[in-house]
């Protein structure tokens, strides 16, 4: 058959997309395709796109146009492929194939068909696939860290979100399958496992008839991985049983990523999250009572249609009162296929940006205070990078998740991919600074 073409992957978007990219890389490598990180040397470039909000789509389009101008043969995968399949094929003649979010497992066959002269459109109308531990995977994270997808898709219908349209309804993996993959990752030397799905606290509902996150955490407690971190924990799913499992399972970090989106019941109702307005405060207090050292991250949307000054003031007061460790704020992005796109009283972009900036300014001294409280402490740090010019190491403590939170800059001797004790000497709004304890 001759030499197989060389493939590169350009990964855009979230951790779910990253796992899809890693499975495609694993499948291609297993099938004998050379994989190169350098897009210039590749015969084909797979662009795994994001379509969550307008800015993500713009980044995806820029990447596609740059590759097209470089005369690269492009395979478009991911959420934008699922979202705009026909438009992309008509607008981008360099696209030799387009692959949906539920079809990335067919990437080898897609390339074979392209090599035979076809222009391929491989997109399921409703994604139903989820990869398990038997599907090859080539990790692209630092050596000590891995994401582990426990479920795919979402059964909620938040009025601003197109994810169910792009990723399908929730389908969970079995506890046994997840534990087997966790064990594989432990055998590879992974020190930190990050559990992800669209709504991690709903894990198992479709498969077992009730959420099973507590049981999953207890099972993962038997796996030899020092840190297990939970992302995308919805507040209503943080039952006493789940909170107890977090508290009692030694390798589960007391770190919770809570995408609250807003605090005011009126806005939450318009977001089609009416249940949340009644429980935000009580659940946050319950977490802090049960796990006093819990680290809480959250995200908010400002400028949702109909958000008045009163609604916004409620959110500002909420942020001040709860003193979250980490806060992300996004301006509302109107998505055409969602109910929120057609809602009255859309907020001007300038006002949305002012509201976002104000909350971030309010959060900065809170974050600084939280970080300064670590000065003098000896904390475990997972070492991920080394600065070859200074010899300084860079890592994260348990209170920092990858990419979204801060870093720890470390003086002293260390090895990449290991967790070591570090004495914190200084802090700023985002990061910590310390030295290795021998």
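Glycine residues also receive a Cβ, built from the backbone N, Cα and C atoms like all the rest.
What you are looking at is a predicted structure, and each value in this text was computed from that prediction instead of being measured.
Noted in Swiss-Prot for the protein shown:
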- 5-116: domain 'MTTase N-terminal' (DOMAIN)
- 14, 50, 79: [4Fe-4S] cluster 1 binding site (BINDING)
- 140-369: domain 'Radical SAM core' (DOMAIN)
- 154, 158, 161: [4Fe-4S] cluster 2 binding site (BINDING)
- 372-438: domain 'TRAM' (DOMAIN)
**Q.** Site of maximum Cβ density within 10 Å, from binding-site residues 14, 79, 158, 161
**A.** 79
Q: Would you mind splitting the domain 'TRAM' (372-438) into helix, strand and coil residue counts from DSSP?
A: 1 helix, 32 strand, 34 coil
Q: Would you list the other residues of this chain near [4Fe-4S] cluster 2 - those whose C-beta lies within 8 angstroms of the C-beta centroid of 154, 158, 161 - in sequence order?
A: 156, 157, 160, 162, 163, 164, 198
**Q.** C-alpha spacing of residue 79 ([4Fe-4S] cluster 1 binding site) relative to residue 161 ([4Fe-4S] cluster 2 binding site), in angstrom
**A.** 13
Q) Looking at Cβ-Cβ distances, which residues of the chain lie under 8 angstroms from residue 154 ([4Fe-4S] cluster 2 binding site) while being 6 or more apart from it? A) 161, 163, 164, 167, 169, 170, 198, 199
Q) Counting across all protein chains shown, how many other Cβ atoms sit within 10 Å of the Cβ of residue 50 ([4Fe-4S] cluster 1 binding site)? A) 21
Q.
Need one number: mean pLDDT over the domain 'TRAM' (372-438).
A. 94
